[in-house]
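**Q** The active site, proton acceptor feature in Swiss-Prot is assigned to Asp72; the stated evidence is sequence analysis. What Swiss-Prot lists as substrate binding site is Ser7, Asn8, Asn9, Ala10, Lys11, Lys12, Ser73, Phe155, Gly156, Tyr157, Asp158, Lys182, His187, Arg188, and the listing cites sequence analysis. Sequence annotations record features per position, and here Swiss-Prot assigns Mg(2+) binding site to Asp72 based on sequence analysis.
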Amino acid sequence: MKLLLASNNAKKLKELQRILDQAGLDSVELLALRDVEAYDEPIEDGRTFADNAQIKARAGVAHTGIATIADDSGIAVEELNGMPGVLSARWSGAHGNDTANNELLLAQMEHVPDERRNAAFVSVCVLALPDGQEFVQEGRWEGQLLRGPKGENGFGYDPLFIPAEEIGGQGRSSAELSAEEKDALSHRGQALRGLVEKIAQVAAAS
């Protein structure tokens, strides 16, 4: 069975591949957008993570005829009423500029005390099948914002985020966790694992 991840993000691709491997789904051939005939990527103009994930998954399956997984994810900061939210990747105005996004968020939270720095990573993953069926899973990873970046692993806002599991413990940011540790805890790991059973069913029937 072929499965398209509607992304060219190498780290997301590796993350999904690890989760499929852990589930024993060796029969699933994972593809990225670069592996299929190019198509115009849709405008992500949804108001929620689920909206945007559906837009990407539907576009992928419509253009390729291949079962497609798409995710939309970001960080929701309590003090900012849930923002950056769906704007996380382009919070500073430049899409995918992690450094600029992190710097802006830190500046906006500069004078906020530790007890009001609650945040959560949120991910919604959608599996869209060629027959029109869709399956949606959400993951949420609670924690707090740090006052400066820590760690070299991960991407996005990982260096600014201390998971709830690390508060009062080692105090590592999500960018200091190993890939395996992050998979077990993260918002995207939760959402992707929620789709594994359905992927296995589709693979068995194909």
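The count begins at 1 with the first shown residue.
Every residue gets a Cβ built from N, Cα and C, even glycine.
What you are looking at is a predicted structure, and each value in this text was computed from that prediction instead of being measured.
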**Q** State the Cα to Cα distance, in Å, between Asp72 (active site, proton acceptor) and Gly156 (substrate binding site), rounded to an integer.
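**A** On Cα coordinates alone, these residues lie 13 Å apart.
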**Q** What's the most sparsely packed of the binding-site residues Ser7, Asn9, Ser73, counting other C-beta atoms within 10 A?
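**A** Counting other Cβ atoms within 10 Å of each of the binding-site residues Ser7, Asn9, Ser73 gives the minimum at Asn9.
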**Q** Cβ-Cβ under 8 Å from Lys11 (substrate binding site), same chain, 6 or more residues apart: which ones?
**A** Gly154, Phe155
